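Listed in TrEMBL:
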type	residues	note
COMPBIAS	164-185	compositional bias 'Low complexity'
COMPBIAS	193-202	compositional bias 'Polar residues'
COMPBIAS	209-221	compositional bias 'Basic and acidic residues'
DOMAIN	9-160	domain 'YEATS'
REGION	161-221	region 'Disordered'
Amino acid sequence: MPSATATKRVRGVSVFRPFVFGSEAQPFDPAKKPPNVPADHTHQWRVFVKGVNDEDISYWLKKVQFKLHETYAQNVRTVEQSPFEVTETGWGEFEIQIKLYFVPESTEKPQTLWHSLKLHPYGPDAEAKKERREVVISQNYEEVVFNEPVEQFYELLTGGAGAGAQPPQKGKGGKNTKQAQQQKGVRTAEIPVNQSAQNPYSKATEGSEIDRLAEANKTVEDMIKQEKDRLIEREKRLAELRASEGVPATTKKR
Ligand code: SLL
């Protein structure tokens, strides 16, 4: 029989954990193509699931199943430990099914994601990038949300900080810094303050994304207002024309 903590859920609590999934691909230099690679394969690529800034996520993620295109031998690849990734070679782009299996303590069902493997550069600079045989990175920031996790999983997720875990407080001597929390074994969903060459996902990039969305929202609101003003103007004009011709504003059906 499962123990009480195995089945008892922490009511009213959602815990989320950020992660990154995607792919990296690079074309072979024809002069340096490894001899064991099939003749029609043009690229080497890697599909992965990892923590933001390579943070360890194996305390909640147990294994990952990558389902490749059927043209691949043994196209279902299961990776039981970190790094959760598959490296392959090939010639074509396709959709990869990524199934996340959580640690057994979680009692959670697996979750499925899809990733479009990108081999070819895209965007405005695509041609130049192709010329330079640049690495093509296509990745996404994602958050997994555990709603009302079972107690034992909640303990694992938070590093035993449990309900006592306080959000960082300002001006309290920095006792709740990420470093201090890590030393105490406390686990959080915090992402780095700033981006780096290896990791584009940070509070700073999130902030500028929020600003960008707010800006776009404002543009749309302005456009709606302009359209509304124009409509009011036209209705006014229509009413004037009707009045001058003696046509009633509305015609009643009998
Ligand atoms: C396409 N619909 O036509 C896609 C399929 C398949 C990719 C891409 C080779 C595997 C192998 C490979 O790259 N398959 O033969 O080992 O673009």
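Backbone N, Cα and C define each Cβ position, glycine as well.
Heads up, TrEMBL stuff is auto-annotated, nobody curated it.
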Reported mean pLDDT - the domain 'YEATS' (9-160): 96
Cβ-Cβ under 8 Å with the compositional bias 'Polar residues' (193-202): same-chain residues at least 6 beyond its ends: 18, 20, 52-54, 141
